[in-house]
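Enquirer: Below you will find the structure I want to go over with you.
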Amino acid sequence: MCNHHPRHSHDNDTIRIRGARTHNLKNIDLDIPRHKLVVVTGLSGSGKSSLAFDTLYAEGQRRYVESLSAYARQFLQMMDKPDVDLIEGLSPAISIEQKSTSHNPRSTVGTVTEIHDYLRLLYARVGTPYCPEHNLSLSSQTVSQMVDAVLKLPEDTRVMILGPAVRERKGEFVDFFADLQAQGFARVRVDGEVYQLDEVPKLEKNIKHNIDVVIDRVKVKADIKQRLAESFETALRHGNERALAMEMDSGEEHWFSARFACPVCSYSLPELEPRLFSFNNPMGSCPTCDGLGNTNFFDPEKVVAHPELSLATGAIDGWDKRNQFYFQMIQSLAHHYKFDVNVAWETLPEKVKKVVLHGSGKEVIDFTYLSERGTTFNRSHAFEGIIPNLERRYRETDSETVREKLREYQNHRACPSCGGARLRKEARYVYVGGEPLHEVSAWPLTKTHRFFETLDLDGNKKQIAEKILKEITERLGFLINVGLDYLNLSRSAETLSGGEAQRIRLASQIGSGLTGVMYVLDEPSIGLHQRDNDRLLATLKRLRDLGNSVIVVEHDEDAIREADFVVDMGPGAGEHGGNVLIADTPENVAKCEKSVTGQYLGGKKSIAVPSERTPVNPGRMLVLKGARGNNLKNVTLELPLGLITCITGVSGSGKSTLINDTLAKITARELNRAQEEPAPYDDIRGLEHLDKVINVDQSPIGRTPRSNPATYTGLFTPIRELFAGVPLSRERGYNVGRFSFNVKGGRCEACQGDGVIKVEMHFLPDVYVPCEVCHGKRYNRETLEIQYKGKNISQVLDMTVEEAREFFDAVPTVSRKLQTLMDVGLGYIRLGQSATTLSGGEAQRVKLALELSKRDTGRTLYILDEPTTGLHFADIALLLEVIGRLKGKGNSIVIIEHNLDVIKTADWIVDLGPEGGDGGGKVIAKGSPEQVAKIKGSYTGKYLKVALNK
């Protein structure tokens, strides 16, 4: 059943690949059906990405870009030509990868999906502006509309028609009153009181007054239309295009304006434009925060880094005994306010703390300074305050280094002007359906979707908004269908996980409605709960049904079973991979003996449920109380120590907030003395059972090509020591530094140890070419002459972990670390492989290997965020073995995870939910997997029940 003979067809329904050798691909021939959902699976490092991204996508994209003019090409990224003999049947390609969308603080979910652009258009075309001061709508009315409004009042209501002539102006207005009398008017209303014109009291000329001319007094009846119309015309003439109808019995006022303005204060707006609602445009952004929604400020808690110390011993960095100039000021302050600089900061009176941090205001203080010559001199002036001093230095410095240092004492807070809305006042007071744009953007997507689906507009506004609303509701629907209903449009794109960012791009692609395209996706199910997986698969099928080829690199069992066609790569990783084991339907793959994927699908292999669970020790618990960051509802988290705990829950239920933003930061601050700011919580108990915390996340192990697994894990130092100890090295006087590619000496100076040289191409992307001097080996000729066991340092860096493990078998310091890299399934990566080429899952496993190789006390808390990212069934089995070893030493492991194979093997589960966003943030279930599987309201429990019974 395991044959995959390429069909020798030239039809239009097949993508034909012949002789693909990109990276570790072994000259493969493969036929993939077009317009189908194709899943590429296999072990980590087996060549899945090499096939899907570096061969199919790269060639599809390259051919499309090559068809454009040279001018257009300079704006597009050109892909390297893959090493392949032939590819036929390709369509233009779009890749949707796991990279987070943007590091730009101005990008939000709304801007990335372009929904915000449609919302701007909607608010500009059918929005109703209001006066920020009086909450009255800005709309111009004709005299007829004013008359109709009065006639709608109950019959016989007594109404006074007024012309608001003077608003908030100083003066006595004697001539004004005389002029009104000459025109035949009898009454005026001054500051709310009605007077006969000849009985108006003398007005105070330095106080602001409001004066209304009384035009008419009428009783509401059907036959007063003509009289009312004439009265309103007179009122508008005297009231600067404004008129006022006051009900005489209740005092209720009805304002009217013939101009597009507030009838009370004449506040007006020019015509509404879409850019007024853009926080990335000066016309729409809040002037205080420039549309970022938050401002930086010097946080007293960061400025006073060590409140348990005294001012003399370093409560505030830079203002203690070591800095004579600033400390003299503190001593003079202490003398003036009678406090002791040698007592702990936290015991000082509040008044003293306030003066030290914020200054003495206008109070003058005598300061005594010591000059460089040793003489003292006095100065009398107010004390600036430490925080104003930092603000001034931050403003005035030209040095980026100084700014960087000062930023350590800053924190973010919502902008005081716009409250985080990002928009200027005028835009915040325009309403559609009674709601302003910034409010609608802050709702969960489900609520926003419901609001626009049921939005009822009047008259021609309905017609104008029809097409815009269709686009908005469709796009919101696509986001909800890929399991992102808990997000909101104002959420910053920087805070999205890789999986969320990818699913947003996926939803945008469906929104674009393209057909005849080849989409290549990288594990779209990452970070997605089983419950939302069905919706994601339905979305992928919808892309396919539009007439596109959808190629997905995926390990999720449901995705593999639901695919039209499966390509299984293997059999091993790295050098041992790169072959197509089987390319067929999921049913046939499940019957294939030699395919590891097939063995798991067919049930021949599986990850076993432990026969017994490690019991919880009630005396060793970590208890976090009152966690309420983001959507958490005052959560109490109980973690049994010495066990493996899984934190589960649907996407957006609060797992990352609880673990990464709260628990990890508290423990890092308390145990590792890190400068962390956890999300709000009340209390934590049980830290005495731990001595350190290690957060093994998916951030890159280095951001430059110089970082690599060997340097990160500390392997490279003992390897360089071995080379420095070779007789020829000692003879030449070479030390360890000679074998570093980061410092002068042994490295090739032509490329400064990079191995490649960047060539700037104006019409094409920058090209990296191997260095002509060292031919990509990074070192100079003399250094490469030094050999250890017949290999030079460059050849060692080019070895895979597996090859190096054998090569350094007799060197325990090196082989132990290499063995741990193999244990986490990374035998295929090269020691000198650039960190920038490692996936998030690989980077996480390199970190895990580093921790495994350290000798530990058995009192460490390990935090892992979705460690199964990018892992095949067989890799997960390896990972669980490694985590089991950490537990075996007495350590505690907390894993945020959706993968049921990991969840079912945990000792303890804490399930958050029930839903995502506002509907989540509570602990729904806790206990062993068997206990959680019985809990009715838990989505995780429902799927876990099935997994435990397999």
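Backbone N, Cα and C define each Cβ position, glycine as well.
Annotation source Swiss-Prot lists ATP binding site at 42-49, 649-656, citing sequence analysis. Residues annotated as zinc finger in Swiss-Prot, with sequence analysis given as evidence: 262-289, 748-774. If you look up Swiss-Prot, you'll see 319-596 marked as domain 'ABC transporter 1', on the strength of sequence analysis. Under the heading domain 'ABC transporter 2', Swiss-Prot lists 616-945, citing sequence analysis as support.
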Enquirer: Please give the sequence-distant neighbours of the zinc finger (262-289): residues at least 6 beyond its ends with Cβ less than 8 Å from one of its Cβ atoms.
Expert: 106, 111, 116-117, 119-121, 123-125, 127, 129, 131-134, 136, 138, 164, 167, 240, 242-244, 255-256, 295, 415-418, 421-424, 426-427, 430, 437
Enquirer: Which state, by DSSP, holds SER653 (ATP binding site): helix, strand or coil?
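Expert: In the DSSP reduction, SER653 (ATP binding site) maps to coil.
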Enquirer: Quick check on the zinc finger (262-289): DSSP residue counts for helix, strand, coil, in that order please.
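Expert: Looking at the zinc finger (262-289) with DSSP, the answer is 4 helix, 2 strand, 22 coil.
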Enquirer: For the domain 'ABC transporter 2' (616-945), what's the mean pLDDT in this predicted model?
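Expert: A mean pLDDT of 92 is what the model gives the domain 'ABC transporter 2' (616-945).
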Enquirer: What does DSSP call GLY42 (ATP binding site) in the simple three-state scheme?
Expert: strand
Enquirer: If you count the C-beta atoms lying within 10 Å of each candidate's C-beta, which of the binding-site residues SER651, SER653 ends up with the smallest number?
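Expert: Looking at the binding-site residues SER651, SER653, the Cβ with the fewest others within 10 Å is that of SER651.
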Enquirer: In the three-state scheme derived from DSSP, which category covers LYS48 (ATP binding site)?
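Expert: Note: LYS48 (ATP binding site) is helical by DSSP.
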Enquirer: For the binding-site residues SER44, SER46, work out the Cβ neighbour count at 10 Å and name the residue with the minimum.
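Expert: Among the binding-site residues SER44, SER46, the sparsest Cβ neighbourhood within 10 Å belongs to SER44.
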